[in-house]
Amino acid sequence: MRTPLLPLARSVLLLLVLGSGHYAAALELNDPSSGKGESLSGDHSAGGLELSVGREVSTISEMPSGSELSTGDYDYSEEYDNEPQISGYIIDDSVRVEQVIKPKKNKTEGEKSTEKPKRKKKGGKNGKGRRNKKKKNPCTAKFQNFCIHGECRYIENLEVVTCNCHQDYFGERCGEKSMKTHSEDDKDLSKIAVVAVTIFVSAIILAAIGIGIVITVHLWKRYFREYEGETEERRRLRQENGTVHAIA
């Protein structure tokens with residue numbers, strides 16, 4: 001199916017090439033800026049036909065063959081590299097548009113634009129003076145009588161007013177007093193009472209120990225006396241029994 005399409009493609013390409021060559025020749029003939037236009041103006045002469053034919057032949061020779069197009073081995077990059085680069089674009093015979101090139105900025109202008117304007121320090125001497133000025137202590141003015149039983153203290157970091165309470169006082173304004181159950185005299189009396197109780201208890205214990213010792217000694221002596229009496233009675237009974245046997 002591809003073989004009948006090749007001659008059609010070739011004929012179409014030839015027609016396109018011929019038309020483009022003819023259009024380019026007409027543009028060059030009508031261009032007023034070129035010197036060749038004056039000599040080739042008017043009707044198409046034989047030389048003009050030869051020029052157009054020569055250009056058509058050159059363009060035909062530059063176009064790839066049908067076999068290269070069918071195989072796809074043709075490199076289009078070489079064709080585009082060989083073409084001369086045009087600085088402008090031709091829209092019409094009487095109008096020609098050229099590329100606009102922006103002027104380059106000087107280095108001095110670029111450096112000036114990059115440099116930022118220096119900011120002026122606000123305040124100057126007055127600003128330094130304001131910083132050096134200390135804030136007023138509110139304890140001397142607003143919170144002078146804030147603490148009832150204590151001293152007012154102002155913490156600058158936290159900006160808080162606190163009270164340093166006196167002894168036995170507490171609370172936010174040191175208005176509450178802690179009530180003690182025992183005084184110092186009571187403490188001394190309690191100590192004396194504890195000492196007296198310990199002495200009394202120790203005396204009772206010693207007395208009990210002494211009484212116990214006395215009772216044990218008395219009981220021991222009594223038991224010993226009873227034991228001696230029993231032994232004497234046994235001796236007497238033995239002696240009496242011995243005399244009775246002797247008489248008998």
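Glycine too: its Cβ is placed from the backbone N, Cα and C atoms.
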With Cys139 as one half of a disulfide in Swiss-Prot, pick the other half from Cys147, Cys152. Cys152
Averaged over the domain 'EGF-like' (135-175), the pLDDT of the predicted model comes to 87
Lying 6 or more residues past either end of the domain 'EGF-like' (135-175) yet within Cβ distance under 8 Å of it, the residues of that chain are none
One should report the C-alpha separation between Cys152 (disulfide bond) and Cys163 (disulfide bond), rounded to whole angstrom, as 5
Whole-number Å distance between the CA of Cys165 (disulfide bond) and the CA of Cys139 (disulfide bond)? 15
Note: among recorded positions Cys163, Cys174, Asn241, least Cβ-dense neighbourhood at 10 Å is Asn241
